[in-house]
Amino acid sequence: MDQFMDFFALHYDKITIVILSVFLGIEIIGRVPSVLHTPLMSGANAIHGVVVIGAIIIMGQAEPDNYMALVLGFLAVVLGTLNVVGGFVVTDRMLEMFRKKKAPPKP
Amino acid sequence: MNFVLLLSYLIGSVTFIVGLKMLSHPDKARNGNLIAAVGMLIAIVATIFLYHDESGARLHNYGWIFSGLIIGTVIGTATAKKVKMTAMPEMVSLFNGMGGACAMLISIVEFNHLYGKYSSVFANGTEWQQGKGSLVIILLGLIIGSVSFAGSIIAWGKLNGSIKDKRIPAGQALNFILLGGIVVLSVLLFTGSPAMAPLFFYAVLLLSLLYGILFVMPIGGADMPVVISLLNSFTGVAAACGGFLYNNPVMLTGGILVGSAGTILTILMCKAMNRSLKNVLIGAIGAASGNAGAGNGKEQGNYKEISVNDSAVLMAYARKVFIIPGYGLAVAQAQHACHELEKLLEEKGVEVKYGIHPVAGRMPGHMNVLLAEADVPYEKLLEMEEANSEFPTTNVVLILGANDVVNPAAKEDPASPIYGMPILEVEQAEHIIVNKRSMKPGYAGIENDLFFKPKTSMLFGDAKKVLQELVAELKSL
């Protein structure tokens, strides 16, 4: 119990962010037309690619002789970047088509 | 932390919120995506150059970092640009799996780091005790990340057809045993002797991967979107674990936002299909269908077929034609042929519209994306309620590879597994032409009374081939 209390006190600010973000996420998604479900999912998918920052930190802190950390960290950077870049590009491609057909009236 | 770095993280968090918000409005969505991408770029660049730990040590290994970033960017851009629109859902799943794997790897490296730090002072074990706060987070990131990774890869394989639906005997029980095993091993990791910790840790990793595979394996192809959305929110939570670990606000907000938004999106998708998340995950419809189909086996009567020629004539002389695209159209990649048919009919003075069920296609909204790719104007795509109000004045409804979303049993038969699901009420139209490959039931595995109604004619064949034949017929009329 003590450990839990310590943890809570130590990370109070982060726990607050987590709880507020949960509500924020719910509010944001509350009103979205079903047309946009796929692009939205894809966009959210790109955003959780923010995990790549953790991979970069690992990579940047690994001692040059710690090959396990280097290799795994490198893999993590590659995979995380794939998630971010691929996610945003795919989302953009989907949304590009929504826009294209809105602009020019059909001949 | 550095002021500029913190400011960059704040900007990152704000762009994620604004980006997600804008993604839920059709006309702002694309900018929203770009804004989030820019915020991400700022946060990443700031981390590389400005991050330092408590002792003030900057990051090193720049060569490794940049080569990783470049490789990921090149491959990511190339695959994302090349992928066909119909293959979007599996692409999203694959990228999601990469994020999960990234979180998993982070946890492995951090565990080794933590363990290495404390293994030298096992004599009294107090250091190990102090590390347990981080260990909780590391373990959470490991479990969630690896489940998401393994599950996404299976979902990807299922959507592109390389993995078939498989019912594992006693799959449910097995999943519970796996989950129990993960819990027990996690507890052992905390209470057991520190010397055993790596063993327990990697055992948890193994069981989590296995759980991810078995959890997605029995779920049917049409339910995959829900699963992907769920795994998407899992990866978000795994990313947030990283945020906790590194005291990194942008990872924390980004991860949790996706975690909660993804969960809501998952629930919205389930609602549109009138199914509970539990049903999707346990696969209740799939299981019940075998019994229902074989069990009641009631005589459905006869259906009548129609030729391509007759269909073309019927549509060419109609005033208003509604096209109902479904999963079959997506699978056959017939969206361009469909648009061509629509253009030809319009030239002949027929009013053509599309009725889009919220869960038509392989993902909610997927049908709109597909038809948009084929340049079908936005105004022609009617959502379910709008479409339903127009069916009574419609002459011909052409159903392309859709089944459950037009099944009247959802309205009339309380015993039906899909009872209560909102459907497109096509039977109000004058004529109904149903294009399917065969009389095989749709995803829910239930008979569709609509096919046996006197107004309905069946036009068998692959959606793309049939549409091309219809186009050829119309041209010769």
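Cβ atoms here come from the backbone N, Cα and C positions, even for glycine.
Same-chain residues lying 6 or more positions outside the transmembrane segment (B:6-24) and placing a CB less than 8 Å from one of its CB atoms are 31-33, 35-40, 42-43, 45-46, 50, 248-250, 253-254, 257, 261. As annotated by TrEMBL, transmembrane segment applies to B:6-24 (among others).
For B:7-472, the entry in TrEMBL reads domain 'NADP transhydrogenase beta-like'.
Residues or ranges marked as transmembrane segment in TrEMBL: B:31-50 (among others).
Taken from TrEMBL, the feature transmembrane segment applies to B:62-80 (among others).
Distant neighbours of the transmembrane segment (B:92-115): 76, 80, 131, 134-135, 138-139, 141-142, 144-153, 155-156, 159, 197-198, 201, 205, 224, 228, 231-232, 234-235, 238-239, 241-242, 245; these residues of the same chain sit at least 6 beyond its ends, with a Cβ under 8 Å from one of its Cβ atoms. As annotated by TrEMBL, transmembrane segment applies to B:92-115 (among others).
Distant neighbours of the transmembrane segment (B:135-156): 90, 93-94, 96-104, 106-108, 110-111, 114, 163, 182, 186, 189-190, 201, 204-205, 208-213, 215-217, 224, 227-228, 231, 234-235, 237-238, 241-242, 244-245; these residues of the same chain sit at least 6 beyond its ends, with a Cβ under 8 Å from one of its Cβ atoms. Feature annotation from TrEMBL assigns transmembrane segment to B:135-156 (among others).
Same-chain residues lying 6 or more positions outside the transmembrane segment (B:176-193) and placing a CB less than 8 Å from one of its CB atoms are 132, 135, 139, 143, 200-201, 203-204, 207-208, 210-211, 214. TrEMBL lists B:176-193 (among others) with the feature transmembrane segment.
Residues 104, 108, 111, 139, 142-143, 146-151, 154-155, 158, 163, 165-168, 171, 174-175, 178-179, 181-182, 185-186, 188-189, 192, 227, 231, 280-281, 283, 286 of the same chain sit 6 or more residues outside the transmembrane segment (B:199-219) yet have a Cβ under 8 Å from a Cβ within it. For B:199-219 (among others), the entry in TrEMBL reads transmembrane segment.
The transmembrane segment annotation in TrEMBL covers B:226-246 (among others). A Cβ distance under 8 Å defines the sequence-distant neighbours of the transmembrane segment (B:226-246), meaning residues of its chain 6+ beyond its ends; these are 89, 92-93, 96-97, 99-100, 103-104, 106-107, 110, 134, 137-138, 140-141, 144-145, 147-148, 151-152, 155, 216, 219, 252-263, 265-266, 269-270, 273, 277, 280-281, 363.
Among the features that TrEMBL reports, transmembrane segment is placed at B:252-270 (among others).
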